[in-house]
Amino acid sequence: MVSSVLPNPTSAECWAALLHDPMTLDMDAVLSDFVRSTGAEPGLARDLLEGKNWDLTAALSDYEQLRQVHTANLPHVFNEGRGPKQPEREPQPGHKVERPCLQRQDDIAQEKRLSRGISHASSAIVSLARSHVASECNNEQFPLEMPIYTFQLPDLSVYSEDFRSFIERDLIEQATMVALEQAGRLNWWSTVCTSCKRLLPLATTGDGNCLLHAASLGMWGFHDRDLVLRKALYTMMRTGAEREALKRRWRWQQTQQNKEEEWEREWTELLKLASSEPRTHFSKNGGTGGGVDNSEDPVYESLEEFHVFVLAHILRRPIVVVADTMLRDSGGEAFAPIPFGGIYLPLEVPPNRCHCSPLVLAYDQAHFSALVSMEQRDQQREQAVIPLTDSEHKLLPLHFAVDPGKDWEWGKDDNDNARLAHLILSLEAKLNLLHSYMNVTWIRIPSETRAPLAQPESPTASAGEDVQSLADSLDSDRDSVCSNSNSNNGKNGKDKEKEKQRKEKDKTRADSVANKLGSFSKTLGIKLKKNMGGLGGLVHGKMGRANSANGKNGDSAERGKEKKAKSRKGSKEESGASASTSPSEKTTPSPTDKAAGASPAEKGGGPRGDAWKYSTDVKLSLNILRAAMQGERKFIFAGLLLTSHRHQFHEEMIGYYLTSAQERFSAEQEQRRRDAATAAAAAAAAAAATAKRPPRRPETEGVPVPERASPGPPTQLVLKLKERPSPGPAAGRAARAAAGGTASPGGGARRASASGPVPGRSPPAPARQSVIHVQASGARDEACAPAVGALRPCATYPQQNRSLSSQSYSPARAAALRTVNTVESLARAVPGALPGAAGTAGAAEHKSQTYTNGFGALRDGLEFADADAPTARSNGECGRGGPGPVQRRCQRENCAFYGRAETEHYCSYCYREELRRRREARGARP
């Protein structure tokens with residue numbers, strides 16, 4: 001029972017009232033008080049307190065709720081042997097207090113990162129899971145044995161788009177995923193083959209322990225906050241049985257970088273990096289009493305690629321790190337290599353004692369993240385794999401794969417070329433290691449997604465020459481590898497004769513290759529049939545045995561010694577998709593079994609046993625990989641990820657997280673709605689305040705204002721009057737005479753002060769943009785137009801109509817734009833001054849209509865932007881018998897601006913041009 005694991009606290013509320021002071025809390029003191037008041041384990045107490053940001057009252061409340069949880073909510077196996085019947089197993093209050101430092105979440109960004117993941121959905125459940133995992137990892141028989149677990153994200157496709165996006169932002173390192181995908185390092189396999197699942201990087205705490213955090217997340221779904229993996233890493237490097245062998249492998253890989261006197265110092269520094277001690281140390285009493293101010297999150301030393309290799313030995317499973325090869329600056333230029341990417345195998349542990357499913361990590365911006373897949377409704381539709389090659393089908397680096405041996409003399413044997421040659425791993429040897437430690441598979445790439453270079457060629461053309469050259473290169477590579485691996489024995493004439501006989505026999509059997517290849521490719525089979533030679537025989541052996549085990553090749557029985565291998569391989573291979581191998585079913589000899597003799601495949605290989613060192617699986621992988629390097633990219637060489645094994649608390653953690661995420665998502669949506677409503681209310685209030693404001697004065701009375709140039713593009717909208725002539729000078733003079741009788745006092749003052757042309761507008765007319773103002777065709781009895789200041793900002797200085805900005809004027813378009821029936825109304829003279837109410841009606845007759853920029857609204861009384869607004873209207877005198885001065889279109893043809901009487905009804909620019917033209921004309925007279 002959970003209630004038996006968690007004793008009943010005595011006077012919890014009293015303790016909270018006495019001890020809770022958020023300004024002077026010391027975390028060690030709070031932890032001690034919590035343990036003293038509840039009797040809980042320090043690990044559980046610490047998780048509860050950290051989950052509530054060291055709020056003692058809230059942590060005690062969570063503890064009380066946890067006690068009331070029914071046993072059915074937790075697996076029964078965890079409570080075995082933990083009840084009050086065995087008091088000797090109950091932890092003491094001082095147990096596990098010797099931690100490096102207590103973590104606090106003062107930093108808001110760090111707190112968000114630490115509190116948003118699955119591992120913080122329920123601190124109590126995660127603490128129980130951590131304790132269970134720690135008990136499994138401390139098994140007496142295998143002190144470093146780790147159970148095979150692989151974490152998977154829940155299926156998010158069942159949720160709405162908004163909630164799914166919220167969870168992805170909450171759990172996934174978006175920056176890492178985008179960077180690695182754009183670099184072509186991550187999820188390129190799901191692009192070329194839809195049957196492969198995408199891998200997503202989980203958000204990981206960046207405190208220097210991100211490598212172990214990422215490994216813990218990839219297996220169990222929570223961070224390594226108890227430093228279980230970190231301490232195991234340090235212990236293995238310091239006192240582990242594999243210490244010397246690991247050191248030799250590390251030194252061999254670093255041989256070209258260090259000098260002899262630097263080795264011990266480098267190894268000591270490397271050992272210190274793995275320590276579980278943080279960079280910053282604090283006393284247990286929190287310093288001088290100000291625990292909150294003097295304490296901070298511990299930051300650990302960043303780990304290197306060798307620590308990944310040691311971690312593979314601790315977990316006893318391969319580790320694949322997906323990373324870019326070069327570190328780039330902000331401009332994308334590469335300036336430093338990134339050595340982390342590649343494959344790390346537990347080479348110092350026999351393959352039969354290792355887990356074959358690799359742990360996959362991502363590395364970007366000096367930070368590790370766990371790469372996990374997502375559950376699917378139909379698990380058979382997509383498979384979780386990790387390619388062992390890059391997108392160019394080149395094998396990933398195999399780190400620390402060479403051990404020179406105990407008898408290697410550093411500084412002496414380094415110059416022995418013969419001994420160095422024995423230690424160089426060929427591609428064949430690397431593939432053999434991968435087949436030994438992992439479940440490898442070849443995934444067929446659909447023809448429609450293959451790269452152009454990898455498209456199958458026509459089997460009827462002369463493409464056989466290319467295939468023959470490929471076969472020759474494979475034969476030469478095989479010969480070189482065999483001669484290198486068997487350099488002590490050499491290759492005598494008898495072996496060469498056997499090789500020749502084998503090639504002749506392979507040619508006679510080439511007719512059946514296309515039928516026996518299955519998923520390999522019919523096109524490639526036809527090429528092999530033409531003149532493949534050695535490669536056809538290499539593939540023939542494996543596929544023939546697989547088909548015979550499935551009952552598809554009964555007429556080609558093999559030797560008796562291969563029957564066991566045939567039955568095993570036949571049950572594994574699928575003819576339609578891929579061919580995979582398992583380490584538990586290997587015919588490949590492990591590194592520890594090579595000295596005992598040849599493998600079953602070598603013994604049953606007939607005349608090829610001595611000439612070929614590795615199994616048929618390795619031969620097939622080598623041939624396909626070589627073909628991929630030559631352009632025949634039809635398969636992806638990948639390792640299978642086993643996702644069926646999960647720890648007992650996986651479902652509870654996922655359930656708690658989804659519930660918490662739904663609550664946070666609902667709160668976020670509600671906050672957004674409130675913010676939107678507040679913004680809308682503020683906008684409405686601002687609009688109302690703008691409408692109530694007094695009209696703006698566009699200019700100071702008596703001072704001319706320079707005309708404004710439109711901010712829009714330099715496109716001119718004009719009215720070309722081809723059929724009807726523009727108003728002549730006589731009409732202009734009549735209009736000026738009429739305008740003089742209806743001018744307001746303010747207008748007269750302006751005219752008196754502006755005796756000359758209005759300065760200010762210097763750009764030429766074609767580079768300007770404006771709005772067409774057209775006078776009404778007749779007198780209308782309507783109310784005075786609102787002031788300019790009361791209009792919307794978008795209508796105050798209207799833009800040019802977008803639909804006409806890119807096309808020239810035509811009479812048909814002009815007819816649709818104008819509000820008058822004839823062009824003569826544009827030149828209609830204004831009648832004389834009208835007394836009293838007649839003046840008001842006359843002013844209303846000449847109100848202008850404005851076309852705004854795309855709004856389609858006609859604004860009465862809105863004057864042209866380049867012209868001065870009537871003083872009477874700006875002063876609010878509308879309707880009081882004071883009509884403003886009348887403006888007319890510029891007399892110059894094709895000019896869309898307006899002029900005043902003092903400028904002879906030219907616009908200011910045209911008026912200056914007209915004056916200049918007149919001066920030039922007078923100067924040209926004899």
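Glycine is no exception: its Cβ is also placed from the backbone N, Cα and C atoms.
Residues annotated as region 'Disordered' in Swiss-Prot: 75-99 (among others).
Within the model, the region 'TRAF-binding' (168-410) carries an average pLDDT of 81. Residues or ranges marked as region 'TRAF-binding' in Swiss-Prot: 168-410.
Annotated region 'Catalytic' per Swiss-Prot: 183-449, in sequence order.
Secondary structure at Asp207 (active site), taken from DSSP and collapsed to helix, strand or coil, is coil. The active site annotation in Swiss-Prot covers Asp207 and is backed by similarity to another entry.
The region 'Disordered' annotation in Swiss-Prot covers 452-514 (among others).
As annotated by Swiss-Prot, motif 'Nuclear localization signal' applies to 494-509.
Residues or ranges marked as region 'Disordered' by Swiss-Prot: 537-613 (among others).
What Swiss-Prot lists as region 'Disordered' is 668-768 (among others).
Under the heading Zn(2+) binding site, Swiss-Prot lists Cys890, Cys895, Cys907, Cys910, citing sequence analysis as support. Mapped onto three states, the DSSP output places Cys907 (Zn(2+) binding site) in coil.
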Integer Cα-Cα distance in angstrom, Cys910 (Zn(2+) binding site) to Asp207 (active site): 72
Separation of alpha carbons, Asp207 (active site) and Cys907 (Zn(2+) binding site) (Å): 71
Structural state of Cys895 (Zn(2+) binding site), classified by DSSP into three states: coil
Among Cys890, Cys907 [binding-site residues], residue with fewest other Cβ within 10 Å: Cys890
C-beta crowding around Cys895 (Zn(2+) binding site), within 10 angstroms: 23
